[in-house]
């Protein structure tokens with residue numbers, strides 16, 4: 001600062017001498033601490049004081065505060081800590097209406113992907129038991145499933161994951177506070193713990209990674225008597241005869257494994273299955289479930305849930321009305337599981353206090369291509385982002401890359417295109433890229449060629465399981481060297497199959513490259529190397545012979 005060039009130079013100099021008792025220049029401050037002139041600064045350098053002052057951004061308590069200890073938040077916090085930053089993570093689980101809460105790690109670890117896949121596996125093992133007789137395994141006693149044994153084992157595993165997350169934060173010197181965070185003013189947050197005690201923290205930067213929670217219907221009896229995925233995986237008793245409301249992947253996955261464990265399961269669907277996914281694949285997923293004992297009530301919505309008997313499980317009466325006319329139906333169930341969607345946890349955290357824009361309807365946060373909100377020091381990752389994918393690995397990647405850009409001088413941005421995913425229904429559905437509907441919308445139908453086939457896994461043949469059920473299709477852009485823009489597989493281990501092809505799609509996979517790839521025999525994945533029949537040819541894809 002030159003006093004001569006400044007209009008009010010004299011008054012600035014006056015003020016400085018008042019604060020510092022120093023009239024000479026240079027007059028040096030480091031992070032609001034007055035050091036003095038040239039000699040004093042050299043002395044501070046020799047004593048180590050200067051380094052300490054430079055390291056300590058005394059303006060704020062932390063370099064970064066992350067709100068939400070789920071997949072995205074933890075990845076972001078740990079990466080920032082690895083890069084030498086002072087980081088605080090706030091994580092607080094507001095108990096579900098049924099009183100369920102859980103430990104550090106977020107939805108995926110506690111009430112999402114992890115317990116879901118383990119329960120799906122429990123159901124697959126039941127199917128394998130059936131198949132095993134055909135393969136010569138003889139056992140006389142009636143095999144039955146014990147819900148409590150399964151949930152206890154799954155909860156023990158989740159407990160070890162919670163502990164692992166806490167340990168990992170401790171090793172990286174990330175401060176973890178089990179409290180609910182809300183903004184009170186710029187750069188300042190209030191954290192409220194279970195006992196209602198409040199503490200305020202400040203930071204230079206913030207990342208919002210609060211995720212979503214299950215939505216309720218808003219009808220009489222829903223919060224009193226229904227459960228959601230928040231409650232199911234730690235339910236202390238077998239749910240018995242179950243009504244699953246919804247057609248989301250959460251609804252179908254839960255209905256699938258509950259049925260696979262031998263329960264009587266009905267799915268109540270308002271309109272379509274798996275909105276946002278390829279509809280041909282969605283219908284095939286549904287029809288497999290229907291053929292294997294899951295009942296579907298199409299075009300109905302619940303209007304009331306009444307308790308007939310208390311108990312574990314109790315007995316509930318559900319009244320539902322048709323979406324197409326005046327018809328109403330009622331049914332009795334032991335458990336009603338709502339899986340009708342999830343709402344962003346962004347409305348009760350003081351975002352309005354600091355002016356962070358959210359989509360009023362969805363509660364989602366619009367960000368730019370570097371996950372930055374309209375308030376420059378506030379960023380967001382994960383399920384709460386507007387127009388992005390709600391998947392754990394996406395949140396992890398985005399969180400990690402965000403910290404590398406903010407604190408590590410890196411430039412890579414999270415790529416939200418061609419992200420693979422799998423729906424773990426009894427017959428798994430894996431996909432990467434565009435659905436057929438979306439491809440037609442983006443590219444025009446005449447620009448596309450769709451190759452498809454039904455296939456019969458070798459393991460199913462001896463077991464006597466349905467041929468002409470598993471299905472593979474790829475969508476190619478004829479005007480871009482037959483590039484594969486959509487990959488879809490319905491079959492066993494679809495997740496494992498899709499993961500490999502997703503890497504190929506990242507590399508720009510074309511139909512010719514698939515044809516040039518030699519398959520591994522005998523596998524399900526090899527069908528993609530020999531696709532011949534196009535939809536436009538109208539040829540039949542059912543497998544002849546037995």
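Backbone N, Cα and C define each Cβ position, glycine as well.
Quick look at what TrEMBL annotates:
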type: ACT_SITE; residues: 521; note: active site, proton acceptor
type: BINDING; residues: 117, 181, 383; note: FAD binding site
type: BINDING; residues: 246, 247, 248, 249, 250, 251, 252, 253, 341; note: NAD(+) binding site
type: DISULFID; residues: 108-113; note: disulfide bond
type: DOMAIN; residues: 62-399; note: domain 'FAD/NAD(P)-binding'
type: DOMAIN; residues: 419-530; note: domain 'Pyridine nucleotide-disulphide oxidoreductase dimerisation'
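Location within the structure of each feature annotated in TrEMBL.
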| residue | record | Cβ contacts under 8 Å, 6 or more apart |
| --- | --- | --- |
| 108 | disulfide bond | 70, 71, 114, 392 |
| 117 | FAD binding site | 424 |
| 181 | FAD binding site | 65, 67, 90, 92, 189, 190, 191, 349 |
| 246 | NAD(+) binding site | 267, 268, 269, 270, 338, 339, 340, 341 |
| 248 | NAD(+) binding site | 274, 275, 339, 340, 341 |
| 250 | NAD(+) binding site | 229, 339 |
| 252 | NAD(+) binding site | 267, 273, 274, 285, 286, 289, 423, 425 |
| 383 | FAD binding site | 211, 212, 342, 344, 390, 395 |
| 521 | active site, proton acceptor | none |
At its widest, how many Å does the recorded NAD(+) site span between Cα atoms of 246, 247, 248, 249, 250, 251, 252, 253, 341?
-> 14
Maximum Cα-Cα separation in Å among residues 117, 181, 383, which the record lists as binding FAD = 31
Residue counts in helix (H, G, I), strand (E, B) and coil for the domain 'Pyridine nucleotide-disulphide oxidoreductase dimerisation' (419-530), per DSSP?
-> 44 helix, 33 strand, 35 coil
Using the structure shown, find which entry in 113, 341 (the recorded positions) has the sparsest Cβ neighbourhood within 10 Å.
-> 341
Could you please provide the mean pLDDT value for the domain 'Pyridine nucleotide-disulphide oxidoreductase dimerisation' (419-530)?
-> 98
Chain-mates of 246, 247, 248, 249, 250, 251, 252, 253, 341 with C-beta within 8 Å of site centroid, NAD(+) = 244, 254, 274, 339, 340
